[in-house]
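Report on one structure; see the data block that follows.
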């Protein structure tokens, strides 16, 4: 099996180094591994870290520079730079368990499922468990043609898919994800995959530890959790633009479970913002003023 592991990063050279060390420790020679680091405009020594690692990794390492801000843009550039049919995504603050690739090769069965995620667990027990955490006790399949997937079901910090999923459904929505107000790019892509007829899976034996550093009870943790409300609102709004009006029922159930007016207000605000953004991007562009579109010399590609 050949896999491409794609890691977006921005100005986290030290964290990235620990992540890369975990990749090397988990490397299984029976799996043909290609590592793609998508640098989202770093100004620290990220590229030097990747270059040093590439010289000693023992497997192929690619560096791609993704200048446009946003984690989804970086992932998409990573996908374009990759060559394997099986794609894995994680983040620069994550650590792969030592048996990650051997378990991936053992458990992934494309005849049963074509996308999904493994467990995403806290690295530090002092960190808030509500932040990007997904414990999975048993294999669970997500049926094809499930029209609405619950938010939080899939996390891009330990996500995988076959390339044909992206060929059919498209890449990550670059209006969503890290660097935007809407952290829901993972579930939105998974929802498109499901509606396109692909089966998903939650796999307990493929484990990543998330060292996000947001301590329980901290302001940073609270802000992160509140940002999930914004992601949920944008996700629901995008489904509405695709004439999936049954989302109103899901929205009502979501509110009835939490009974949190603050969360609902954030969801509605994000929904309106996402719809406005989508409408702006669909609007016809005004003709450029004379000279505006004149070709200019771009700055050199870093490195």
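Cβ atoms are placed via backbone N, Cα and C, with glycine included.
Remember, TrEMBL labels are computer predictions, not curated facts.
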#### Entry: TrEMBL annotation (region 'Disordered') - matching range among 256-279, 280-303
280-303
## Note on the structure
For the domain 'Glycosyltransferase 2-like' (4-151), the averaged pLDDT of the predicted model is 96
### Task
Please list, for the domain 'Glycosyltransferase 2-like' (4-151), how many residues fall into helix, strand and coil according to DSSP.
44 helix, 41 strand, 63 coil
